[in-house]
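Novice: Here it is, the structure in full.
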Amino acid sequence: MMKFFEYNWQVRDQWFTWCHQLTTEELLKNRLGGVENILYTLFHIIDVEYSWIRAIQGKEDIAVQFADYQTLNKVKSLSNTFRTEIIDVLQTHSDQIKDELVSVPWETGVLYTRDEILHHIIAHEIHHIGQLSVWARELKLSPVSASFIGRTLKPIHSY
């Protein structure tokens, strides 16, 4: 599972680099499909990842407002800031605690295992990154490669 977090983070960082070719206006332009626009999609991925990780830790969810992150650099900085805490959770995940039950503040009376949550985080990011690829092609630009094969992944602990 760790390899998929490494993959997602590498692809996310490549999308941040890819986004530098667009203006802030283009990044914020509402589009068909997905969640509004390119910048908000990246923000949403980061926000959801962090909310689930905090739930695993038994911590209160922090409501991060997109209005405070209206530039590419601010969203990238948010991603980097949250990774520190996320790394701690990922490095302590093991087979012994993967079935530990977690409640989330946004769903009353529902429990998930740590393992389910981590798999959901991975799938959620891959899903939304796919939408970025669609929008890139609509802009007549090449998207970031989604291929897992042939990547040299940076270990989680090195972020």
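Each Cβ is built from the backbone N, Cα and C atoms, and glycine gets one as well.
Fair warning: this is a prediction, and the values are worked out from it, not measured in the lab.
What Swiss-Prot lists as divalent metal cation binding site is H44, H124, H128.
Show me how these features fit into the structure around them.
Specialist: Under the three-state DSSP scheme, H44 (divalent metal cation binding site) falls in the helix class.
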Novice: With a radius of 8 angstroms around the mean position of the C-beta atoms of H44, H124, H128, what other residues of the same chain does the divalent metal cation site pick up?
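Specialist: So the additional residues around the site are V35, T41, I45, V48, E125, H127.
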Novice: Counting across all protein chains shown, how many other Cβ atoms sit within 10 Å of the Cβ of H44 (divalent metal cation binding site)?
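Specialist: 18, counting other Cβ atoms within 10 Å of H44 (divalent metal cation binding site).
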